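Copied from TrEMBL, the annotated features are:
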TRANSMEM  6-31  transmembrane segment
TRANSMEM  442-463  transmembrane segment
TRANSMEM  568-586  transmembrane segment
TRANSMEM  621-638  transmembrane segment
TRANSMEM  669-686  transmembrane segment
TRANSMEM  706-723  transmembrane segment
TRANSMEM  744-762  transmembrane segment
TRANSMEM  839-858  transmembrane segment
TRANSMEM  865-882  transmembrane segment
TRANSMEM  956-975  transmembrane segment
TRANSMEM  1017-1035  transmembrane segment
TRANSMEM  1055-1073  transmembrane segment
Amino acid sequence: MKGLPVLSLLLWMCAVYFVGIYIFVGGFLLVRLEVNRTSTCGDVLEPRDESVDFCRAQPRFRRVVLLIIDALKIDFARFDPNNTAPRPYENKLPVLEKTVSSKPLQSRLYPFRADPPTTTMQRIKGFTTGSLPTFVDVGNNFASSAILEDNLIHQLGQAGKRVVFMGDDTWESLFPKKFYRSLPFPSFNVKDLHTVDDGILRHLYTTMVGDDWDVLVAHFLGVDHCGHRFGPDHPAMAEKLTQMDGVIRSVIDRLQNDTLLVVMGDHGMTDTGDHGGESVKETDAAIFLYSPSPVFPGPPSPNELDVVPQTDLVPTLALLLGIPIPYSSVGQVLLPLFPSHKQPEGAVARLSQLEALWINAKQVNRFLETYSGMAKDIPPESLSRLKDEFAHLSSEYLTAVREGRSPSPQLTSSLQAYLTSVRDTCRSTWARFSPLKMAAGLVILAFACLMCFLLSELSLLLIRENGAGLKAPLVVALTAGVSIAAAQLLTQGYIDMVWCLAAGAFSSEILFFWRVRRLSTPTVLKNGTKGPKSSSWLTPGCLLVPSLLVPLLRCASLLSDSYVIAEGRVVTFLVFSLALYIPVHLNWDGLLLPPSHDPLKSAGLLPSPALSPSAVRKESGTLLACLGLLVGSLYLSLSFHSCREEQGSCQPSPFLSPLSRLQDSQMKNLHYILSVISLSLWTYLLRRCLCHYGNLNSTSGTVFTARWILPLLSVCLGLHWAVSATPEDSFRNLAELIRLAQLALPRAAFCLLGLGLCLIWLDPLTVFVKTRAAASARSSSLPPARYRASTGMSPQAELHHLIPQIYQRMRRSLDDGELSRDSEVDNRPAVEAYGLGTVYSAPVLLFCGLLGIGLLLLHPEGMALSFLLLMLEMGALLHIHASSTTLSSLHGAYSGGFNVPWTPVVLWALAATQFFHATGHLPTFPSIQWSAAFVGFPDGHTGTTLPASLVTLNTFASHILFAVGCPLLLFWPLVREVRGSRGRACGDEEEDAVMEMRLRENPQQFSSALLQLSTRYLFIHGAQVFASVCAAAILRRHLMVWKVFAPKLMFEASGFLVSSVFLLIGVTLVLRVDVAVGRWFKRLIPDTSR
């Protein structure tokens, strides 16, 4: 088998796809331009002619206590005295409503609306800089980098104010060396509800009574972690909120008159405790303002704010503390905190609402002018309108100040409208696109899809070239990339790797198309006639078939937000429809039922059918039974779907919740029993399949893995589920033992998984060899069957799966009678090899099954049933494909190749997407199951690589399993081969079913079929990525682009990357088995007989 050309072509194909995705994403998800300028105390912000040091005036407040309760949604903060049966998250913070109602001049409670993405790092950026983070920033949530833009922490330090921080260590990475004193605590372990909060409480009150601070920031994480671990509707949430209520009461009791208390949430949470998106439940947090001295002019009025944007906190705190508003802030001051009438000149403490708005508007206009001079993404008409509006307002206000009269009452509302308009304009235009990069990425991806399709259809021709067709494109790509780099270095003085990669990928694609054009040109034969065109398959009739129309329809539908929202059910329907097409098509061709009796065939005047009627009935029955199993699996898999915010009344599957969240003991026990039964069936079915085909008889590493490591891994997983479901408050005497088990069991499972996968890779053969002395006397008319491979130990299996000869040369030699009688009666032993008929598929099947259990470890326990359905669906698809292949051989027109048709490949690729949804995932960031990062690591991680890898394995588990198992589509028709089903001429003796040994007899066709299968699978996923890219590019100004299309692009691209990597792993495993089989035959077969 030509393994190197196959692997090289696949690597090149994947690399071209990766480059196209990288270039497009680089143009689509650019971060907005940051203005690295800072405000200073000497800026002329007040309406005076002379320059005034803004920071020297006495501020309204000398101190601020900022209590951030992570994920404090507004529903948690409200109190309803009429609610007699509150849920665990309701009515647990009575101090807020009680204070607001009893002290209306000193306190307020508002909804505090965040801008998406609602992840902690982006929210901290938002309420410290006053700017609007962009979509791509969500990727940095767990790799926080220092904030370079002007911000409140920097301004406080510049003004000489001492900022003390305690809590979430994310602040340390965002503001390194910016705090007067810092007490960070690890934040990444979402299962830890108490470490951060308890650490803060050990220092909070002693710090407050001291005099070595001006601003105290405390960031609590218990509520957020409780939501991630248990959800909001859990007794643990009630305990956490009650604790926070006590904290707020204690802080209020210790406040001085010149201190402002701000209690706020950075974001909300969904009903499942997640966040990151832009639903109201995720964006609406709470903010509570209080001071012992009067702050507000009166009780809350009907005209007061309904919602406070988070960016508005920045200019408000800046002016109340007497520091400049950060340069890039687009927030608006909270007017209720400032007096409505004009105050005597001099003190910032006495800024009126109009004066505060003027300072705010002038700062925003200054930023707008600076930003528009550096970047050109704000539409010119909007920019001109905003400048004219500010000029008019500025003129009106300054004229009134110079003339000593009061400005018109409408000026306040006009300034508010101006600030709101600036923020809305920035929000709508700060999705900076690079049209050139987007276009380059689109072109490269479009050509990559076409190239992948051509590669699948010309696989045999390219394999015959022995990979020579790859050398020229690689050389051209390297030359083009180096040339572009040299040109950039000479003209610009630096190298932009994006365009070097684009030039290399594009040039290699063009050269490939040129070579295909040459291959498509008809060749002139020796007799002077033209040979057939190799592009005869490129006709509309061949391309517009249901197996290709289904993925085309799916790709077209990705431009619809409604389809993306309902993708899980739609893909399930597509899998069902295409699977139903197989028996309908067979029946249309008259292949599903045995042919009717024909007297001409009985008389020998016409060729007999390739299969007997009983064999046809058996295969048809198998196909229909597997179709029923497939339909049942599809229907049951819908019970494991999660819900998007846009799906309204949809209820997420109860199996998505970990057992630790369930409070009903009976329900918890039922879920655990179902999970253990599903895990046991997974293990039993996998071992039963291997045993049925005789692959558990040898002593190889792969067999050891199947016999011992597989069941041990299942036991570890079952025990881990039991330990994880144990409540923290039970078995207190065994608390340390339970904690040790939570650490040791998953790590032991990881070790067993790694050991098993390594053993399969190092020793993949599952062949058991038995030798016996040859008979002394043989018939002289028939040569002996020296090499026999069986699938089981029973005589019936030995007879049914007999492999008379291994290599084609030996077959020809026997047929031609080249072996002499002397060689027939020699004393060499005959060899029986058990499991040889499934020598390729067995290690791939075990590798896939073992990996599936490892991936299940990263999912909630209830997903075990979904994983079992995944295995059953994979088996059903394989058997449907094998049976349809066998029935299709009724033509007697079997060509001898091993090519896999488009239909099973499309079904296999669609099933990967279907089970992405059936394992509880969605193409949205709130649906990411972050808890996977802490399986085996309950105390968290020191870096981000390992947790990111675990979360990726969890998210794309279905893509991984179907990609690794993709070669099974090539092997399974051979595994279930029926004697004589591969076609024979009339009068030929019936051929034995040699199963996968046919691949050894035709190494070139084996290589071609493996390459074709892999490129077809890549093409389906690549076409889906291209469709997502087109949707994001065409609809980049669509209302739902950041809510639907951009996340879908990110997940589709990530799924393609993961699928490509694991497809390469699966193909490489097949090549590794082929090398091992070759070495085994070299040791087994004497030189004289090879």
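In case you wondered, yes, glycine gets a Cβ from its N, Cα and C as well.
When Cβ-Cβ distances under 8 Å to the transmembrane segment (744-762) are tallied for each of 442-463, 706-723, 865-882, 956-975, the top count falls to 706-723. Listed by sequence, the residues of this chain that lie at least six past the ends of the transmembrane segment (442-463) yet keep a Cβ under 8 A from its Cβ atoms are 2, 5-6, 9, 13, 16-17, 19-21, 23-24, 469, 502, 505-506, 509-510, 512-513, 516, 519, 534, 537-538, 897, 1004-1005, 1007-1009, 1011-1012, 1015-1016, 1018-1019, 1022-1023, 1025-1026, 1029-1030, 1033.
Long-range contacts of the transmembrane segment (621-638) within the same chain, counting only residues at least 6 positions beyond its ends with a Cβ under 8 Å from a Cβ of the stretch, are 568-569, 572, 575-576, 579-580, 582-583, 586, 592, 866, 869-870, 872-873, 875-877, 879-880, 883-884, 887, 914-915, 918. Pairs of Cβ atoms less than 8 Å apart link the transmembrane segment (1017-1035) most often to 6-31, out of 6-31, 669-686, 839-858, 865-882, 956-975. Beyond the transmembrane segment (669-686), the same-chain residues lying 6 or more positions past its ends with a Cβ under 8 Å from any Cβ of the stretch are 654-655, 659, 662, 706, 710-711, 714, 717-718, 721-722, 725, 845-846, 849, 852-853, 856, 861-862, 864-865, 867-868, 871, 875. Between the transmembrane segment (6-31) and the transmembrane segment (1055-1073) there are 3 or more Cβ pairs closer than 8 Å, counting only residues 6 or more apart in sequence, so the two stretches are in contact. If you look at the transmembrane segment (956-975), the same-chain residues 6 or more away from its ends with a CB under 8 A from one of its CBs are 693, 837-838, 840-841, 844-845, 847-848, 851-852, 855-856, 858-859, 870, 874, 878-879, 881-882, 885-886, 898, 900, 904-905, 908-909, 911-916, 918-919, 995-996, 998-999, 1009-1010, 1013-1014, 1017, 1054-1055, 1058-1063, 1065-1067, 1069-1070.
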